[in-house]
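**Student:** Have a look at the structure that comes next, please.
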Amino acid sequence: MWSSLNEWLWQDRFWLPPNNSWADLEDRDGLVYAHPQDLLAALPLALVLVVMRFAFERLIGLPLSRWLGVRHQARRPVEPNATLEKHFLMEGWRPDKPRMAVLATQCGLTLRQTQRWFRKRRNQDRPCLTKKFCEASWRFLFYLCSFIGGLSVLYHESWLWRPAMCWDNYPNQPLKPALYCWYLLELSFYISLLMTLPFDIRRKDFKEQVAHHLVTIILITFSYSANLLRIGSLVLLLHDSADYLLEACKMFNYTHQRRVCNTLFLIFSLVFFYTRLVLFPTQILYTTYYESIANSGPFFGYYFFNSLLVILQLLHVFWSCLILRMIHSFIKKGQMEKDIRSDVEESASSEGEELPQLKNGAAQGPHAVPTDGPRSRAAGRLVNGHMLAS
């Protein structure tokens, strides 16, 4: 049954242009072609990358973060409370106000004490800056090496400068060893990202990240199996050209080097918009949609491949909107804010806790400023005239 299903799945008419067969892609006369089973080597290589990553973060990333002055605020463990802990783990991090009042009654606490407990418990689970820095430094190293390696592999290839050459004599295009190694490394890296997702910092675009990794893995696997390595290599290189800039921007943001971070963010934004919103649709999508079938009719693999590329483009648009929001904030406030995909440390005021009132009606919070006395004017100028670094 399995052999019958496998034979049906890999029919020539599904994955190759008309009048072509898998027999045409068998190794012969010293020419080597891409075969799906070649990618099985990506699985053990992904495990090696996971081990390398944890070793890098511990032996290089962590000391580097300390040397660059990355600091994170020490958090005191929240006071044990079995009832609140059970609700936190089983029913949710953010109970609404009526449920919060019920929990406060059950535990013999005030509403504000219960709100404070949940706020501290959420903050306790949030990753520290050191972990964020180590993750960003590992990805920066890989993306930079991958971009430089990919550029060196493709620089002398005609299809890098003329994407239409990707379809010259397709699918009868022999496999080059350097291109295979680069392809295998990229596939292994994205598999390793999926493997480490449970241990990574969970961001607000978590679902989009998972979708991106899955689409990328399917694209790499399919393009290799169908001998679409030329156009696939262009997609990989185009993405790597901006990714290392983003990770470098994060690293400098965590070290509070604002000027370098802001400069890198602007450069990254320009590169991202040009590669993802200009080059990708006008060069990649255009050639895969029109020029790929100039000498043959469409087939299932054509529609499948273009559908994956369109999903990737939709993700580009989604992340472009996030970047535009950050640029708007940058223009408005004069500096780049934290990554809007990341959760930030909560304070009593940000959470909307009920704060005790002073005699004059002012709320007493962690950043409250006295409204009278000789220190009030200076404190007011400090809060209103300067952004507190976070």
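Cβ coordinates come from backbone N, Cα and C, glycine included.
Note that TrEMBL annotation is computational and uncurated.
Straight from TrEMBL, here's the annotation block:
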TRANSMEM  39-56  transmembrane segment
DOMAIN    84-128  domain 'Homeobox'
DNA_BIND  86-129  DNA-binding region
DOMAIN    131-332  domain 'TLC'
TRANSMEM  140-157  transmembrane segment
TRANSMEM  177-197  transmembrane segment
TRANSMEM  260-280  transmembrane segment
TRANSMEM  300-324  transmembrane segment
REGION    351-390  region 'Disordered'
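For each feature listed, report its degree of burial, its nearest neighbours and the pertinent distances within the displayed model.
**Tutor:** Within the model, the domain 'Homeobox' (84-128) shows a mean pLDDT value of 77, rounded to a whole number.
Proximity of distant same-chain residues to the transmembrane segment (140-157), defined by a Cβ-Cβ separation under 8 Å and at least 6 residues beyond the stretch ends, is recorded for 56, 176, 178-179, 182, 185-186, 189, 230, 233-234, 236-237, 240-241, 243-244, 247-248, 251.
Residues 235, 238-239, 241-242, 245-246, 248-249, 252-253, 312-313, 316-317, 319-320, 323, 326-327, 330, 335-336 of the same chain lie 6+ residues outside the transmembrane segment (260-280) yet bring a C-beta within less than 8 angstroms of a C-beta in it.
Within the chain carrying the transmembrane segment (300-324), a Cβ under 8 angstroms from the stretch's Cβ atoms is held by residues 13-17, 205, 208, 211-212, 215-216, 218-219, 222-223, 226, 228, 235, 269, 272-273, 276-277, 280-281, 284-285, 288-289, 292-293, 340-341, all 6 or more beyond its ends.
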**Student:** Under an 8 Å Cβ to Cβ limit, what residues of the same chain, 6 or more beyond the ends of the transmembrane segment (39-56), are close to it?
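**Tutor:** For the transmembrane segment (39-56), the sequence-distant neighbours (Cβ-Cβ under 8 Å, at least 6 residues beyond its ends) are 137-138, 141, 184-185, 187-189, 191-192, 195-196, 221, 224-225.
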